[in-house]
Amino acid sequence: MARLLSRLAQLVAHLVARVGPGAPALLVSAVLGALCIRAIFLRAGHPALPLDDAFIHFQFARQLAGGSFFSYVPGEGYSSGATSFLWPLLLAPLHKLGLHDLSLAWGAWLLGTLAHAGVAVEAGRLTQPLAGRAAAIGAAAMCLACGAFAWFAWSGMETMALAWILLRTGRTAARWIEPEPPDPPRSLRRATTLALLGAMAPLVRPEGLLAALIAATALVMRPASPSLPASPSLPASPSRFSLPALSAPSALLALVPLAGVAVVPALNWAFTGNARATTTLVKWLIGNPSYQGRALLAAIRGNVHLLFTDVLDGGDWTALFLPAGTCVPLLLGLVALPFAAYRQRRPAHAVVVAALALGVLLPCTYLTFLWNRLRYVWPFVPAWFVMLACLARSLGDAAEWARRALAERLRRPLLPVGWVAPLALAACTGALATLLPWTIQDLAESAHAIDQQQVWLGRWAAQHLPMDAVIGVNDTGAIAYLSGRRTFDVVGLTTRDEARYWVAGVGSRFEHYERLPPERLPTHYIVYPRWMDCPPLLGRELASATVLEQSILGEATMIAYEARHEILGSGEHPAHLDPGEQVLDTLDVADLESEAAHAYDTAGSRDPDNRVAPALPGGALSAPSPSSGPSLVPPIFGEGQPRLFPPPIADGGRYNRRADRFLLRTPRPGAARLILRVASDDGATVRVRLGGTEIGDVEIPAAGEIAEEPGPQEGAWVERTIDVPPAWTPSSVQAGSVEEHGLPEGGRTTVEIELLRGREFHAFHYWLAGREP
């Protein structure tokens, strides 16, 4: 027993020694956390979280605790939708220990408190070699006073965990290259620690790749031997400005961080066949078909401009967290950093800080970084506070130089100016701290909004929907976690193979749903109507949750609907075929598989132009097949008895086209015709070429004129026909087969649609119809 108590005492002493330097930061974080949690309870009455994405982590954690490896929906296998690999792994044991339902928030809050304090400690430690102890205390204080860090520490998200591991890895790497005299000698243990930190960083979030690269670079470097003999009175130390030399043992360990980068892509590839996570498919500009070439560069430039003119400047998007005009001192801090590095002979420390700070440009490659209170930006901001502390030290040094110069000229002593740097740091900290009450209030209001909308609808679904229901969702967190029902993520973050259709646009989603078997489709939808943007699929409204006084939700009202899928496939056939005529080939515009099979040129197409032409009211009327006749359906608007309508249809298409180019089966001259389902807002004329030969022009009436046309195509589009002339001879024919293209046997011919008059046209379907020989 005595030996056990002795070992326990040694362990406690060791922990105190380790935690001791961070104890003040941990105390401040604990107090701040208590204030945040108290505000949440006062507003919501129970544990609540301000972002629906936190419940995605909870759902993965529950599945992990139950033995399912990163499965989001029970029974559906691995999902690549986890934006953090380690965060659910940390939450899973807490769920296993009994923190179920909303009580798991306590576990996330505990981890957030530790990360919040850890960021302050690491920011101070990274600052001290560059600017001294006073500046280090100032950097830590700014981190503790920053409202954004508090907001995310108690949001249930991994944001502050990423900020901590970026700083910790960066500091460890810098001290590996530029060790301090009190540091322990270089050892395999220290190199392994750095390697493991670098490997873990990309598992916290993909942006942790930056820390992995820093760690790997540091491990293949070491300071060269001193260029001058050491002074007898001073310990030998490496020259700060000598070129690095390769260290073979640590170079091998440099592979460990790179292996950490590869873990998640390898798992994604092994389980899904695609190395990219669904988050990158949905949110990353690189690889998005709507943003290529100049459009991609323009979007990134726009994000960078917004970052420095608004986000880091305390503008409209960040007035809650940063004082107005913050960007100026931050950029001056970037200028002050190399001077601090030169003064203290710490170039590696400066390079690491600059790399971490400029990592804030990574979110500029996202479709937008404005989601979720800009959670992708904040992990890189602590490094900017380090540079701000270097700026304060530089101001203090400049004031001291000016004092000495003036005293020498006046030939009399002047008052010391050692207060300049601490005063500047106190001013920065105070400016940040004045926003904390507003930040805490917003945290509580946002948590209440999520609680009253997504959480409420999740509990409603648990009580009112059948156990075999499949819920289509655009916010997939709380509804999946609390409903106990299978979910179908229309955005594609947590449902396999859906992301590419969300990225393409609503028309492609509609066409994709036409290809899915009925058992794969949702039975209900709980969505924001504008986000879903597909009214034909939304049936009877069952429930809704409206929260008005908030700014965190995608829309004020989220609605639960019955699914209406009988409309799927309704637009697959032309309105009219002659007796004995049949469809020989079909291009279904916005159907990604059909477009690929027909080599459809999507150049210039953007996701907002990929739409669904709605069914009644205000949509097109047509028979779903040539044999279909009118059916008895009730009118959608107005009073009265049911009357005869052609069945309503809906079709996906690409809007605002100026030209279309694709391949169709080569027709027989004089025995086939091309049918175009098209529309135009203001009216247009298009020229049709078949195999390079002009075969005619098509007039497309303006949208307001379509309703005046007789026939079943009233409302959204018209169908126009061009006969293939008997004397037509293609200038070029491409070979094609069922195996290659999924098309009928025979050659394929290029079809070109060129805008002659008007601003644009909208394309929905192209059919080649005729009689088989």
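Every residue gets a Cβ built from N, Cα and C, even glycine.
TrEMBL lists 104-123 (among others) with the feature transmembrane segment. Long-range contacts of the transmembrane segment (104-123) within the same chain, counting only residues at least 6 positions beyond its ends with a Cβ under 8 Å from a Cβ of the stretch, are 21-22, 25-26, 28-30, 32-33, 37, 47-49, 54, 57-58, 61, 87, 90-91, 94-95, 139-144, 149-150, 152-157, 160-161, 163-164, 167-168, 171, 382-383, 385-386.
Marked as transmembrane segment by TrEMBL: 135-154 (among others).
According to TrEMBL, the transmembrane segment annotation covers 241-264 (among others).
According to TrEMBL, the transmembrane segment annotation covers 317-339 (among others).
Here TrEMBL flags 351-371 (among others) as transmembrane segment. With a threshold of 8 Å between CB atoms, the same-chain residues lying at least 6 positions outside the transmembrane segment (351-371) that come near it are 126, 130, 166-167, 170-171, 173-174, 207, 210, 214, 282-286, 288, 291, 299-300, 303-304, 307, 311-312, 317, 334, 337, 341, 377, 379-384, 386-387.
Per TrEMBL, the feature transmembrane segment maps to 377-396 (among others).
Under 8 Å from some Cβ of the transmembrane segment (417-438) lie the Cβ atoms of residues 32, 134-135, 137-139, 141-142, 145-147, 150, 320-323, 329, 388-389, 391-393, 395-397, 399-400, 402-403, all in the same chain and six or more residues away from its ends. What TrEMBL records for 417-438 (among others) is transmembrane segment.
The feature region 'Disordered' is assigned by TrEMBL to 599-652.
What TrEMBL records for 612-635 is compositional bias 'Low complexity'.
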In the same chain, who gets a Cβ under 8 Å from the transmembrane segment (317-339) while lying at least 6 residues past its ends?
130, 146-148, 151, 306, 308-311, 350, 353-354, 357, 370, 373-374, 384, 386-391, 393-394, 428, 431-432, 434-435, 438-439, 442
